[in-house]
């Protein structure tokens, strides 16, 4: 997606050979027009898959997931990273390790929102080593739901997330595939 790549080039900040900061338009401040285009791109790629729900993880996956949900006309569920007073009973629970934060979190989805009749599109802001995606896949599996595929806004192709997911038979659609962050420069795969 050329618009996304242009935005990454102009506003993304390479913090290291493994970390790309995109808080100017994706995971702190959000560019609504760009997110609308992102949602449209995901909807175009998965429109014929019979999607009934979109699942993401709070917080950075919410904007692209909501825009895709709007385009596809389906609800969006975001896995919460902590249990609250209102999210405590009848939960699907998994653990996820954050590459960026270097911490493990517990994530949860209420069982009343996801069931075996659902066909799910997973959307997330980044794919690095696949830990967040695998945790979401675990939650969806606990519900007995099926997975149409994964929509990733930015994939760090130099990490093994895609290979891990594809080796397990999952379809991965990434809108921007970063080949390298070496020398403080973003180089795209395609």
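Cβ atoms are placed via backbone N, Cα and C, with glycine included.
A sphere of 10 angstroms centred on the C-beta of residue 20 (xanthine binding site) encloses 20 other C-beta atoms. DSSP assigns residue 20 (xanthine binding site) to a strand segment in the three-state reduction. The xanthine binding site annotation in Swiss-Prot covers 20, 27, 156 and is backed by sequence analysis.
DSSP assigns residue 129 (5-phospho-alpha-D-ribose 1-diphosphate binding site) to coil in the three-state reduction, placing it in neither a helix nor a strand. The local packing around residue 129 (5-phospho-alpha-D-ribose 1-diphosphate binding site), expressed as other Cβ atoms within 10 Å of its Cβ over all shown chains, amounts to 15. Feature annotation from Swiss-Prot assigns 5-phospho-alpha-D-ribose 1-diphosphate binding site to 128, 129, 130, 131, 132.
Comparing Cα positions, residue 128 (5-phospho-alpha-D-ribose 1-diphosphate binding site) lies closest to 156 out of the binding-site residues 20, 27, 156. When Cα-Cα distances from residue 131 (5-phospho-alpha-D-ribose 1-diphosphate binding site) are compared across the binding-site residues 20, 27, 156, the shortest belongs to 156. Binding residues for xanthine (20, 27, 156) extend across at most 16 Å, taking the greatest CA-CA distance.
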